[in-house]
Amino acid sequence: MMFRDQVGILASWFKGWNECEQTVALLSLLKRVTRTQARFLQLCLEHSLADCNDIHLLESEANSAAIVSQWQQESKEKVVSLLLSHLPLLQPGNTEAKSEYMRLLQKVLAYSIESNAFIEESRQLLSYALIHPATTLEDRNALALWLSHLEERLASGFRTRPEPSYHSRQGSDEWGGPAELAPGEAGPGWQDKPPRENGHVPFHPSSSVPPAINSIGSNANTGLPCQIHPSPLKRSMSLIPTSPQAPGEWPSPEELGARAAFTTPDHAPLSPQSSVASSGSEQTEEQGSSRNTFQEDGSGMKDVPSWLKSLRLHKYAALFSQMSYEEMMTLTEQHLESQNVTKGARHKIALSIQKLRERQSVLKSLEKDVLEGGNLWNALQELQQIIITPIKAYSVLQATPTAKDEGRGEPLLPGAEPPLTHPGSDKGTEAKDPPAAENYPPPPAPAPSDSSEPAPAPVADGDIPSQFTRVMGKVCTQLLVSRPDEENITSYLQLIEKCLTHEAFTETQKKRLLSWKQQVLKLLRTFPRKAALDMQSYRQQKGWAFGSNSLPIAGSVGMGVARRTQRQFPMPPRALPPGRMGLLSPSGIGGVSPRHALTSPSLGGQGRQNLWFANPGGSNSMPSQSRSSVQRTHSLPVHSSPQAILMFPPDCPVPGPDLEINPTLESLCLSMTEHALGDGTDKTSTI
């Protein structure tokens, strides 16, 4: 897309906003320019406004405290219009005029909250006041309190509709005017412009709001220098439904945080046009008193902002920040429609949530595909896409009753809190008797003869970390037995680093991933770069680049034929199909002795590529004295191929048919076979 096209799109959005939204958006953008750019823009603006006498006259009126104080004699509609047109022109340092503005603004806000009139105008006035350089920290704290109260009242069921004709507000805090407003005059646009359907500034502050107002501390109730304090509001008969609190009470921060997250008023649609937030990193939650699951440990929601940003849906972070992980996973288009999310956005969100539900089936397809020799680069790219999605630590309470009751003395302990919240307290229970699903894969059993442990159980539904770890084991096996690829190894190591810092993975899973990392790093050191041939000549075109930001749907990764045509490493034809070798059987080796599988003449030199049951796991994969050892054999002919060249260091000659197997290759084969021998008792098989 050309630059002029991008500018055109931005201009079309800009035209769809009202003047207040345009101002806030421009200020947000100006915060990102350099001082030179800012000065240049200032010169341009001063030059263009030099001959505008009208704006100079308007600015003079806006900074006259005497003129502003006389506005209280005007009608309510005119006062609101005057405030909107003059408040942006207030000069910083003019404390006298500012006090008059704040005093008048208090009355407008009090009237708007009680009578449900001028709601849109009140939003805009608050937005101007909160970002205005003339307001102080105390001013913004008090204004933020008004903002919270306005939002609280609206969330309780108010609607921005014209008031009934019989409504007439009378009270001690009524601000004067020669005539009451007619019903049709309740909310006209300012400067003779009709109100826009989505023309408002969101309640939550964006980055354009000074940081001081983003946290309402202990001085939240501090009055302004001009002694502005929220006045008690009298209950009006037109307020249906009414607010739960008493008419003269302000809601406490606890009450604000306890409100339901899904009672957003229908006048505040969460559309891109109505939001001035420009990135997921900006402040999207309500003022500090409300719930924010993005910051809760073990919530599984910490990665939601970055995930939404990758989908270009970061403007809806405020909606997700009020949800739990389970609520997010059950979102539907109907619910999003009730929150007034635009049609296109809610359809995209619903599709993205559906793909989150399909992650486990995608991972299972990936596991099968890697076993069948699929394109390793594509599998790594899919794993990269999955790891950036929101993933919650699996709780044992999510497992089936069979899994929960499987020989554990304390079935509720791991599920009482997120597994990684207090990892130190769980280490002992994991080492003694780990749950099969939660802590996959556990440490290997001490001896293969121990038949007291059950066979490796399938990963429980919803246990994304375990399923992800399982696929990572398959990929590690593939890396160990195939020609080394620097890009694949780098991508794999990046994935492991993300997993090691992710709260959803258990300590046992992280230890396993760390051992695989060490194994791959050892492999990288074993094969010097200069010993490898030109990798680009062997790597076929990687044409399956991720152009979209969403995950592939389930089933799209199981196309073995398409994958095998894009294989980036040479695979010799198999002497026996995988099914006959029993590599995909539940026991892992299908009844065929690993020793026989290694020494069988029928496999020949081609069978070596099919040893998918390697245990890439660190020290646990090394030969031990308690296990049967595999003797050296001469039944595997060695071919002088690029694969063979890469498998040996430069100082070790390539063996011929009559030589012993190189110790490096032998060590790898021993590691694979030792894992296969212990597969029945060690539930860490990567098959």
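From the backbone N, Cα and C atoms, a Cβ is placed for every residue, glycine too.
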Selected residue, Swiss-Prot feature phosphoserine, from candidates Ser271, Ser641: Ser271
Record-annotated asymmetric dimethylarginine (source Swiss-Prot) among candidates Arg357, Arg408, Arg539, Arg595: Arg595
Annotated residue, phosphoserine, per Swiss-Prot; candidates Ser279, Ser449, Ser482, Ser619: Ser279
Phosphoserine: annotated position in Swiss-Prot, out of Ser274, Ser278, Ser338: Ser278
Phosphoserine according to Swiss-Prot, picked from Ser281, Ser451, Ser628: Ser281
Ser172, Ser289, Ser629 - the residue Swiss-Prot records as phosphoserine: Ser172
